[in-house]
């Protein structure tokens, strides 16, 4: 592997190469991977989706968030190993992406993106300090928490208009007619691929395919887990009677895809018992997705990846109680670290 | 005590007897007791109430939750001592009960009950891991958290209709006319007995009497604390001007009853100072009960036993700071364990 | 310093002098100071503001909360050093103040103030136990949590009417016309002084001046940080397009003022890097202020000082990760202690 070796050498010799490497790994860490090639393909996938949705600013927002977040971590003198693994890139990337999608474009919006990215890095350190107590990773919670605050605030600021948030409403029971759909392969396949792309708030099946390729480059197991998460969550949502339009948009599956990758990545020797355990984790992610849809309706903000975070925390925390067990500790270098 | 000894032997020799014992103790742990006879009488009380309310499915839901939860803990290889004490039965019991009361009956509802019971057990382990840090018990929080998610989600699923949840509304100040009532023994006695039965979401004074008998079998002190909790909370709610209909239904007292038993059970040598401390705990439980009534109105879910959990946590956490103190550590075997 | 020495002697010899000293220090701890003279001037400032707003009961509520809270801590046998530093006075002071401002006056209101002050002290111990894990101070969170519960509950109690809370509403985007204002010194100066006085829920620029004097008596640095917090938050809110009326009332700055003092007080050798860090903390406090305005609208309660608490926690928690750093540990005696 000559190329890999010389890249690794270059990242240590030249600051800029190391910085680029950290950012690429940061993009891959959204899916709990640590691989610059995976990150590169993911960034291409995001660009494709953003341009096709005629919101190229979403890709720029993601890039700005990624770079500003990683740079902030360096300024704050976070240990280089963590920064180099991209652990301070993926949350600000998502914050930048979300702000640039949900807010109306403008100069102030870009300042808000930069503020959001800086604060997300601080919040990543804060949440990491708290969660270290139980040896659980922050996942994308720093992004979720910071972005919830940033989005809620826009209702009070006339020059930071949110253009793509739903109007705050009191929740009501779903009209059964909203569930009507012909469940065919032509319906399911793009839905499930959008489950993957919606991790980046993009509803584009090509982006989904590219992300699956990116995952497969680093870990076939992760790609398989992502697909399993998409399949299970989509079928479960349809079975429970979710809105067909929401399922088609991939909005019931993106958190479940991440839960599947996260819980899947913790198992060293997957057994039937542990696959069943992960399955319940995916099922509960879908329940939390629907639940947050209800709970957040009156304040007009989206769930983001909170269902993934909450479900994965609840299913990772019991770890130490399951003895003897086939779990392995969260690995230091190929999956997101606890910090 | 020949019968007790031979029962204990049988629980160790025959798996089925041990499993039944664990489940009966699980039913008693709702009231922080650890006694199979108490559990048996409580289950009879729940059956009586469920049948009289023409919702026998509530009793079946409770039983399914209890058994599935305890079995899940065994499959997850939780230490046998904890399972045997019923510590993995009481939360899923309440989840099964709540789902079968609040949802419209149907095959999918029963699947939801089973999912809920399994997840509640996982959540019990997760919350236990977190709270171990401060040596505080999870109480019924795993039930509350899981059931809140499960109920919120029903608004988004057409085939999981909630039939008995209030419509989401913006809160408004209580009409003073709602407080009108003749406060006589004929009003107070059934109200206070329903304070006890409503722990199981059942408004039936006979169920309340049976539960008090069940408590007395294990601990006269616990039965006395439960009565004190009911009396104080009912009178306080009326004094503050709560809705008379809500007070009559026992809905201001069920969390306070549990707080009284929990705080009362922690005192070894009750002194006047500590009785006063517990009294403030009960008073604040009533305040939180009213507060959650307001806070949860816009999202259309009930407070469940969250007021008990929050108030008891807040009043148990300072324990270590009260020195010298008459507190005893949470006992290992007769009250719920911290895990 | 003869006077200081003899006062210190008197506090140790006579219980009453010691108790008064603890209460005066408690008043100063709202701004994270530990100085009886500062506390005395602050109490005068609150009286002035309360009387001028024709709500003298607000000053009485603050005094009752302060005294009851400190006394409760003594009854609960909290270590004398903490009580003597006023660490059990400032939260109940704020609770008593808030209850007497937001509720309609009456005998039951005063009982509610006393209950609130007692419970706030218990909650201070509880939150302190939890936060000790990460060496972070409780700040004013015990006040915020307890008062949120107390205020939410008033919607359900006919004899505890809230008179000054906004009606619960669904949030909506701000009308740009609400931002119209001539930004002159005549607009900015009183706004910024009210940023300081609104820490005590009082919109009075004289009160603001007096508080700044009180701070300067103990620490010029703290007074300067408070002014910086007011300036930054006011200008930022105007730049983002906040409601001019809300800015003029000092409601965008009071939490930011506290954040500035808290983050400023932690820096030993302030460097440019750390000033920038504090600046982002102030900016994010303003964002959280706006965000809670949206999030709490449907349940009809104010944010209180929660934006200060949340932002300061998030910016203090990373402390241990910033190595090498110019941070100093939270000092034992001149700033609020972690307990």
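A Cβ is built for glycine as well, from the same backbone N, Cα and C atoms used for every other residue.
All TrEMBL annotations are machine predictions without curation.
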Exercise. Given the ranges A:180-198, A:199-217, which one is assigned the annotation transmembrane segment in TrEMBL?
Worked result: A:199-217
For this session: May I ask you to indicate which of A:159-178, A:299-318 is given in TrEMBL as transmembrane segment?
Result: A:299-318
Exercise. From A:4-25, A:246-267, which range did TrEMBL mark with transmembrane segment?
Worked result: A:246-267
Exercise. Which stretch does TrEMBL mark as transmembrane segment, out of A:57-76, A:77-96?
Worked result: A:57-76
Exercise. With an 8 Å cut-off on Cβ pairs and a sequence gap of 6 or more, do the transmembrane segment (A:222-240) and the transmembrane segment (A:246-267) reach 3 or more such pairs?
Worked result: yes
Problem set entry | Same-chain residues at least 6 beyond the ends of the transmembrane segment (A:299-318) whose Cβ lies under 8 Å from its Cβ atoms | 94, 98, 102, 134, 136-137, 139-141, 143-144, 147-148, 151-152, 155, 165-169, 199, 254-256, 258-259, 262-263, 266, 277-278, 280-282, 284-286, 288-289, 291-293
Problem set entry | Residue numbers, six or more beyond the limits of the transmembrane segment (A:199-217), whose CB comes under 8 Å of its CB atoms | 28, 30-31, 33, 35, 37-42, 44-46, 48-50, 52-53, 58, 62, 94, 97-98, 101, 189-190, 192-193, 223, 226-227, 249-250, 254, 257-258, 261, 305
For this session: Could you tell me what the rest of the chain brings near the transmembrane segment (A:246-267), counting residues at least six beyond its ends with Cβ under 8 Å?
Result: 31-32, 139-140, 181, 187, 190-199, 203, 208, 215, 219, 221-222, 224-226, 228-230, 232-234, 237-238, 274, 277-278, 281-282, 285-286, 288-290, 303, 305-308, 311-312, 315-316, 319, 326-328, 330, 335
